[in-house]
Amino acid sequence: MKKMIILGLVLVCAILIGWRVYDRLTGEGPASARGRKPNAVTVAVQPVRTTTMRHTAEFTGTLLPKAQFVVAPNVAGRLERLLVNIGDTVRKGQLIAELDNREYAEQVEQARAELEVAQANVIDCLSALDVAERDLKRSRQLRDSNVVSQSELDKTEASFNTCRAKHLVALAQVRQKEASLEAAKVRLAYTRIHASWEDSDVERIVGERFADEGATLKVGDPIVSVVTLDPLLAVINVIERDFPLVKVGQTAEVLADALPGKVFAGQVARRAPVLQESSRQGRVEVLVPNANGLLAPGMFARVRLSFAERSEVTAVPISALTTREGRQGVFMADPESLLARFVPMSVGITEGQWAEVVEPRIEGLVITLGQHLLEDGSAIALPGDKNAGGGQQKSPGFKPKKS
């Protein structure tokens, strides 16, 4: 019997201890002791604020040279000398490389010799033409005196015409050989490869090297690439919604993941006239000054564009936004009644962690944590509420502003 009494007392103590532990863990003790409604949801809140907001968007892209071209030979041959390397500064018109020119030099000499032969042939034909012209003149005089027959005169005229035609052919051959000589000289000149471009910048940089000395190159085989590093282009693709807002000449902020904390000022230089049908995005090129050389082509870039700025707007934390019955809004906290009220709203621009409230006009506290557990009229507990044991003053509750 005594054992049963002791066992009962132990059981009662265990129940009391369990209740106290449950009470501390759930905070659902007597409401009068806490000033808190049963089943209240503990939430975090932030005040609605009035501020200036910018409509900004961030796009990812790649840094590219403003200008880039590949230096390649116009004739085939063995690369005899390469005079630049990666990172070297190149001036406009500078000699970059030389090919083995012996074969092309021989072609020039051969073309020159053929021209001399053609010129000698012209002299020979001209001499024969002079003789034929004198014979024709004499034959006509003799024919007028009936000394020679008409047939003999015809033969003399035919001989003269033949000599004249040969002379014309010889002259044409001279022009042909002159052109061949000039072409051979051009091919010989092509064995000396220069860096040339049309832009006004005087110097550029060797970006890549594709061939080494001794390599046999075909026409168009790349030797080196020459790039402009100041300024660079940040190339981004802008979505259809924001594309009409992008204007040539507007400012931009450019960030590179490789250079955390650094922001580079840029300017929209070009905007594609069409969108890509597959992605509904348009190409935008942002000019980025790079006088200090910190940026490099190929870097991953983030470009921030600002489309509008509005002052004195009502803003709420983006974390406060939620949806109920297909309507977007926020839960407003009333510290007097400790109730949450769902307020549907129209949201405008966003910046950072804040969203503009277009309508209705509100003030007070919005719930930023725990709203997924709430419905309109749900009981709440505020961490800073005096009745909840925090000892802090209450903040003003939800008050719709009068329009």
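Here the Cβ of each residue, glycine as well, is placed from N, Cα and C on the backbone.
These features come from TrEMBL:
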- 115-191: domain 'Multidrug resistance protein MdtA-like alpha-helical hairpin' (DOMAIN)
- 236-306: domain 'CusB-like beta-barrel' (DOMAIN)
- 383-403: region 'Disordered' (REGION)
- Item | Residues in the domain 'Multidrug resistance protein MdtA-like alpha-helical hairpin' (115-191) grouped by DSSP into helix, strand and remaining coil | 71 helix, 0 strand, 6 coil
- Query: By DSSP, what is the split of the domain 'CusB-like beta-barrel' (236-306) into helix, strand and coil residues?
  - Reply: 3 helix, 35 strand, 33 coil
- Query: Taking all residues of the domain 'Multidrug resistance protein MdtA-like alpha-helical hairpin' (115-191) together, what is their mean pLDDT?
  - Reply: 87
